[in-house]
Each structure stands twice: as structure tokens, then as C-alpha cells.
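Structure, as C-alpha cells:
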Amino acid sequence: MEDSPQRAVQGLGSFPWYVGGTQVLGLACVVITGVWMGSYHGGYAWDGSGQEFNVHPLCMVLGLVFLYGDAILVYRVFRNESKRNVKVLHAVLHLLALIISIVGIVAVFDFHNHNKIPNMYSLHSWCGMLTFVLFCVQWLMGLGFFLFPGTLMALRSWYLPLHVFFGLAMLAMSLASCLLGISEKLFFSIQHTYSQFAPEGILGNMLGLLLVAFGILVGYVVTREDFRRPPHPEEEALSVHFKTLTEGRGSPTSP
């Protein structure tokens, strides 16, 4: 027990490497998606053509994977900032992810409608839309529970574990939707040459593996106890005051 703080400090020595790894993997996913759609499918446009569809995978990987993962990590990365500032950054990153994702969803629906292609018929589209809807609900509930000052501390304490769990669950859902989308796109594009290790197929498979690695590394950083944000003096004072007011009931802990 006595050497636990020392082990925690030693564990933090590897923390920057893990965080750096998430950023390298996340940026690689965005870049490879951009290169894939740009080099193999003609680039980007907003005219109802296949180039408009290409906006969809790029926006979803950028928004619901990379920025969403970074939003989850802010409580670990900004360990010494005030908790309210970190909450605001957490909400802003989620808002950016939401806006970019909306652009991606509008792009694919507009492409389908322009080309008389049915919407929402595939497992990819079902999982993706479910993830997006839950993401919106999670963002709104987080905004209401954790940023509005009028929310009761007891409600925050009740909702926090759910918020953390569903945050990680939806990152997993986003990654699963991306993997389904990659497979769907490859089968539509190179159905007859996919089994012959076509370059586009290899690139898509590499993207899938990098997405999985990104999700695993983000999950590891978020769940490792050594990397948890330490309580600050002002937060401990508020916690003690809350316990006094509620006659011993616990207060919310940091994510």
C-alpha cells in the first residue's frame, strides 16, 4: 500500500507515449480515409455525384472517431487544468464532432436521393444512425447534467457512471459502424478483385486495423487507474462540503 503512490507516479512516465500513440493512430485514420476517397474515388464535391458520397466516410472518421476519441481523453490529458475548463473543452470537442458528423450524414443522404438509391437498408446504416442518435442524446444529457450550474449534485453523481460507460460504448459503436462501412464500400467498389489483394482492398483493410488500434488505445488510457485525473484542492473542498450537506452521501468523482 505504501508504494502505491510511487507506482502511480512511475506509471505516468508512459502516459505521454500512450496519448501520443492515440494521436498518431487517429490522424493516420483520417489521412488514409482522405487518401482513399481522393485517390481511388475522384476526390470531393457537393453535387450529388460519387464525389459527394466521399465526404461521408471522411467526416464520420474525423468526427465520430478521431474528435470523439479526443473528447474522451481530455480528462486524462489536461490533468492540472480546472475541471470546469476541461468540461467546456470536452463539450466543445463533442460539438465539433457532432457538426462534422451531420455534414457527413447529409452528404450520404443527398447522394442517395440524387441517384435514386434507397436509404437505410444496410446493417452499416442502421448501426451508424443508432450511434449518431445516441451520440446526440449523450451530448445533450452531458450538457444538462454537467455544465448547467442548477443541476443537483446527487443527479450528477447518479448519471456520471452511465455517462462514462455510454461514452466508451458509443466509441466502440462508431468503430464498428466504420468497419461495416469499409467492408461495404470495398465490396461495392472492387467486388471482383478484392480477393486478389487489390491495392484499394489492402488500404481499406489497413484503415480498419488502425481504427481498431485507435479504439483499443483510447480505451486503455481512459480505463487505466494510474492515468485518472487527480482531485484538485478546490474540488476536494467542494466534495467535503457536499458530503456535509447530504449527511455522508458520496459526491461525483472525476471521470
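For all residues, glycine too, the Cβ spot is worked out from N, Cα and C.
Here TrEMBL flags 12-35 (among others) as transmembrane segment.
The domain 'Cytochrome b561' feature in TrEMBL is assigned to 21-223.
Outside the transmembrane segment (55-76), and at least 6 residues removed from its termini, the chain residues within Cβ reach (under 8 Å) are 15, 19, 22-23, 26-27, 29-30, 33-34, 36-37, 44, 46, 86, 89-90, 93-94, 96-101, 103-105, 107-108, 111, 128, 131-132, 135, 167-168, 170-171, 174-175, 177-178, 181, 185, 211, 214-215, 218, 221-222, 227-229, 254-255. Annotation comment: TrEMBL describes 55-76 (among others) as transmembrane segment.
Residues annotated as transmembrane segment in TrEMBL: 88-109 (among others). Listed by sequence, the residues of this chain that lie at least six past the ends of the transmembrane segment (88-109) yet keep a Cβ under 8 A from its Cβ atoms are 46, 52-53, 55-60, 62-64, 67-68, 70-71, 74-75, 78, 119, 129, 132, 135-136, 139, 142-143, 147.
Among the features that TrEMBL reports, transmembrane segment is placed at 129-148 (among others).
Per TrEMBL, the feature transmembrane segment maps to 160-182 (among others).
Taken from TrEMBL, the feature transmembrane segment covers 202-222 (among others).
Below 8 angstroms of C-beta separation, residues 57-58, 61-62, 65-66, 69-70, 73, 76-77, 203, 206-207, 210-211, 213-214, 217-218, 220-221, 226-227 of the same chain, each at least six residues beyond the ends of the transmembrane segment (12-35), sit close to that stretch.
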